[in-house]
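Here is the structure we will look at.
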Amino acid sequence: MAAAPKDREGTVKAVSFGELCGLYLATTQGKPETTADEASSFSGQPSTTQPNTDQPSWKPSRAHRSLGDRSWEQSELGSGLHRDTLRSTDGAVLYVTHVDCTARKANGMAEDLLSVSFDQFASLRDDEIVPTVIDIFERLGICQGLGVTKEAITRMVGNGLSLYHKQPAYHTHRHAFDVFQATYFLLVATELRDTASHLEVFCLLIAALLHDVGHPGLTNDFHIREATPFAKFASFKQNSSDVNTCAHPNEVWHGDITRRLLLSDDGLLPSSHFSEETRAKVDRLVQQLISATDPSTQPDFLKSLDARLRQGDCLATDSTAPDDRLLILSLVMRCADVFHPLRPFHLHKKWALLFTKEISRQLMLEYARRKVPVKDPYGNLGASTIDFLNFHVIPLFRYFVKVFPDKSFTSTVLLRLNAKVDIWKSYDMMRETRATARDCVTR
């Protein structure tokens with residue numbers, strides 16, 4: 001491996017975000033501007049700055065135990081993410097991971113997939129996810145309806161899932177499948193599959209599967225605040241000829257990877273086999289549905305949905321008006337993305353803990369970068385989850401119930417969510433009681 005670049009004193013040179021972003025953008029455009037020696041500096045070499053002896057108020061995770069004396073761009077997590085980024089955007093064709101499509105399927109899977117209580121952790125191994133996804137596509141008749149071969153969609157699904165990073169705790173291929181299964185369930189439970197076209201169902205399922213592809217486990221606010229390569233890339237795309245419906249770094253990144261998987265020469269819908277009209281329709285709708293998963297856009301979306309529901313005619317799920325179709329599909333996409341609170345509490349709690357773990361890693365990066373005081377994110381897990389349910393999930397599903405009334409599933413949605421709020425209230429009370437008891441014993 002080539003030596004890292006040195007400054008005048010002969011010490012290891014710190015690589016700035018600007019330099020890293022220059023390498024990244026040059027790679028995506030096929031115009032290398034950085035040497036191999038410079039690129040090797042992303043290997044996580046220690047910073048020359050003196051470590052801060054102040055420790056955060058809670059114990060760091062193992063992956064971030066040594067981040068106190070490193071800058072973000074030199075951290076093990078940061079360098080690993082951007083190595084993956086460079087690999088996955090080197091040219092028009094994304095790298096391929098072999099997928100064993102002959103892997104067995106779990107018994108009784110067809111019925112379980114149409115259940116709110118579906119537990120993928122107990123039911124599916126990693127090598128069973130791709131065959132299960134393909135089975136759902138086949139059962140809905142998507143491949144035949146669009147003229148896509150089973151081999152082509154299997155390759156695309158395998159490639160897409162392989163591009164989910166391993167570093168994040170929450171935004172992984174498992175989250176992608178959770179949202180995909182929830183989308184399938186909602187299509188059937190609301191009978192939307194009977195009124196939606198093959199193209200709409202296809203776009204909805206593809207967006208569900210790839211809506212977080214390449215997610216680095218960092219929030220949009222962090223990207224913008226720290227001027228990460230993801231923020232630079234979003235700015236570059238917004239200023240280029242490429243049209244994207246969302247300006248936020250994560251969603252721009254997910255959308256760009258998905259576009260390559262679908263429309264490149266080796267993608268699912270190559271120009272040699274599909275008309276430009278079909279390709280454009282698919283690209284536009286998939287990008288819109290991926291953008292719909294951006295939490296910051298939910299208030300505006302709910303305002304638009306509320307205004308539409310207040311009009312004289314009802315918002316029929318079989319409406320052919322383009323704006324109505326997009327509202328309905330976006331609502332399903334948003335609900336599927338936050339579906340886990342409707343599942344049994346042990347599954348919902350697992351996802352809440354994974355999300356908190358991912359946030360805790362970002363907090364440690366911010367501590368390493370700016371020495372920002374860090375509080376234990378697990379200390380108020382119940383209260384923070386209640387806020388998430390009350391301000392994000394419940395308002396969304398209130399409108400879901402209005403759009404899809406008189407369905408057996410929708411009649412219990414709000415009851416399920418309110419029950420989770422009550423459980424989380426008890427959860428924090430029990431944590432406080434146990435902590436008090438431990439203090440009494442140790443005195």
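Placed from the backbone N, Cα and C atoms, the Cβ positions cover glycine too.
Annotation source TrEMBL lists active site, proton donor at HIS171. Per TrEMBL, the feature Zn(2+) 1 binding site maps to HIS175, HIS211, ASP212, ASP337. The Zn(2+) 2 binding site annotation in TrEMBL covers ASP212. What TrEMBL lists as compositional bias 'Polar residues' is 30-58. For 97-431, the entry in TrEMBL reads domain 'PDEase'. As annotated by TrEMBL, region 'Disordered' applies to 30-83.
If you compare Cα positions, HIS171 (active site, proton donor) sits closest to ASP212 out of the binding-site residues HIS211, ASP212, ASP337. Shown are the binding-site residues ASP212, ASP337; the one with the most C-beta atoms within 10 angstroms of its own C-beta is ASP212. Apart from the site residues HIS175, HIS211, ASP212, ASP337, the chain places the Cβ of HIS171, ALA176, VAL179, ALA208, HIS215, THR293 no farther than 8 Å from the centroid of the site's Cβ atoms, the recorded Zn(2+) 1 location. Taken as a whole, the domain 'PDEase' (97-431) shows an average pLDDT of 89 in this prediction. Residue environment of HIS211 (Zn(2+) 1 binding site) contains 29 other Cβ atoms, counted within 10 Å of its Cβ in all protein chains. Its Cβ taken as reference, HIS171 (active site, proton donor) is surrounded by 24 other Cβ atoms within 10 Å in the chains shown. A 10 Å cutoff on Cβ-Cβ distances gives HIS175 (Zn(2+) 1 binding site) a total of 22 other Cβ atoms nearby, all chains included.
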